[in-house]
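Feature annotations, courtesy of TrEMBL:
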type: TRANSMEM; residues: B:6-21; note: transmembrane segment
type: TRANSMEM; residues: B:28-47; note: transmembrane segment
type: TRANSMEM; residues: B:53-71; note: transmembrane segment
type: TRANSMEM; residues: B:78-98; note: transmembrane segment
type: TRANSMEM; residues: B:134-152; note: transmembrane segment
type: TRANSMEM; residues: B:158-182; note: transmembrane segment
type: TRANSMEM; residues: B:203-224; note: transmembrane segment
type: TRANSMEM; residues: B:244-267; note: transmembrane segment
type: TRANSMEM; residues: B:279-298; note: transmembrane segment
Amino acid sequence: MQTILSIAIDALAYGMALFIICIGLSLTMGLMRVVNLAHGAFAMIAGYIASYAARDLGLGYAAAILLAILGTIVISIPLERLLYRRIYGSTELTQVLMTIGITFCVIGITNYFFGPTLKTIPLPGSLSQPVDVGFRTIAAHRLFVIACGLLVAGGLWFLIEKTSFGIKLRATVDNAAMADALGVRTQAVYAISFTVAVGLAALGGVVGAEFLPIEPYYALRYMVTFLVVVSVGGAGSILGAVAACLLLGAVDTTGRYLMPDFGNFFFYAAVIAIVCVFPRGFFGRAG
Amino acid sequence: MPDLAGIVIIAAVGMAGYWLFPDNLALLTRIVAVALLVLSIDLVTGYCGVATLGQAALFGAGAYAAGIACVNGMTEPLTLVLIGAVAGAVAGLLMGSVMLRAHGLAQLVLSIAIVQLFHEAANKASAYTGGSDGLSGLMVSPLFGVFAFDLWGKTAYLFGLSLLVFVFIALKFVVSSPFGILCRGIKEDPIRVRAMGAFVFPVLLKMFAISGAVAGIGGALAAISTQVVGLDSVSFELSANALVMLVLGGLGTLYGALAGTVIFMGFEHMVSAINPFHWMTMVGALLIGVVLAAPSGLSGLLGTISRATTRGKGGRG
């Protein structure tokens, strides 16, 4: 029972950390139809900034997160202007190649400046101690990540379903040319959603650093995981991303706990099965 | 006969490498093995339009099949290559029948998942594959019973080069056959091809099997020449790098595949000796540059330039 419960908590927290990162990618792919393999690179940049801010500048955890998100967004703006705008509407192969190229550049440049070592982001005291929830104790950091995930999911749902920006966003997704003709500034919608996606990647990279450690090849190592989660969930769907993250998080964590020798075997076997049955993901749009 | 000239040039460049870099024959043999892998990607991606990031699964299947056969006493090199080709073709059939169920992004994700699954399987089945230590101790008997595989890799390189030329000639026939033309048609417009009465799925599956055989030959060559088979031969990184080489050279031309491999691996050898992270930055910048400036690769760029110059002459004349 104890084992099942700790697997469940770990799986939930890991799934939520994945979710925070992947929902941004899901937005980019669902809305802008860009297969952005460099999404993990933005999470990695944020991790490096947060680690630098917390360890070398001595800032607090909250300040480090904020600085990381802002810094990553600032870095991403020229990339969006100069590179991403050119591949909107290109074939998947072109987009994959361009974004793999960006990923390689980010890895090379960050390691040139920060050195090829594992970066840690020290947790504040309040998050590193266990919390008693009545029947057992849980690491506070796990609860924090779960709370962040729920907050992100709720916030995005509100933004997309309940605000006027959300209406414009959905209109642009359904028919960009028509939305443009009706006076929606689709370029601005694209730019804002790209910024939101990058900000979420940054947030996820920092709070998820306990599960996905910040290391030199971070962007490449987890690129596949993020892409897989999005294609399983269905691009552009919040519900699909939640379902995919929780399911794949559970499969991965359970596999590691019970059969550590097999590594990622179950993860990828599950992915092949799911993609074969649901080629568009759980909640993907048809067409 | 431009093809005949091309084949002579390939053989000549290969022999020039043999005379100019006698100390780097191991690297040159590696280039030949990877060139076979890149050719195999060209068959499915360049000629059929099926993008794949998991082709190393087929390369690794050939390498491990040849390696395991060799450890178990089957040491004749040509037989080993044949075993590698068959194993690659079988793996290609398997991979094709899974990948062709999906389209677009899902297809790409499936290819990645398949290569990762092969990687985990090779890691897990350490009784046969040596796991993460790699499969070592391959003692290959002399080619035709005469030419032993020497310490300097001379035999291995010449053997690899002849294999490459042979495969290249065979592929030239494949891609210009009615079957090859049909594949190009499917790449352009699968619905129209289906409307004309051709079956798309079996044609693509057949190309996957051929491509698997080519990749398997490459894997077997790598196993024979290095005498070890490591887990890196079934990795996502190798698949992605090979795709980059193909795009650099130009999709849909067999010469582009070869040129891309030689240029990429030559640069990699020089730059990564200084600092591996500089190499990553450079490849990244190169990729971005190719996508922005020369979407059809170096061979496409050359074609554009030569067309522009001939048109210029025609205009003035």
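Just so you know, the numbers here start at 1 and follow the chain as drawn.
Note that Cβ sites are derived from N, Cα and C of the backbone, with glycine treated the same way.
In TrEMBL, annotation is done automatically, which means it is predicted and not curated.
Between the transmembrane segment (B:28-47) and the transmembrane segment (B:134-152) there are fewer than 3 Cβ pairs closer than 8 Å, counting only pairs 6 or more residues apart in sequence, which means the two stretches are not in contact. Spatially, the transmembrane segment (B:134-152) is adjacent to the transmembrane segment (B:53-71); three or more Cβ-Cβ distances between them are under 8 Å for residues at least 6 apart in sequence. Long-range contacts of the transmembrane segment (B:53-71) within the same chain: residues 37, 40-41, 44, 79-81, 83-88, 90-92, 95, 108, 110-115, 118-119, 122, 128-129, 135, 137-140, 211-212, 215-220, 222-224, 228-229, 233-236, 238-240, 242-243, each at least 6 residues beyond the stretch ends and with a Cβ under 8 Å from a Cβ of the stretch.
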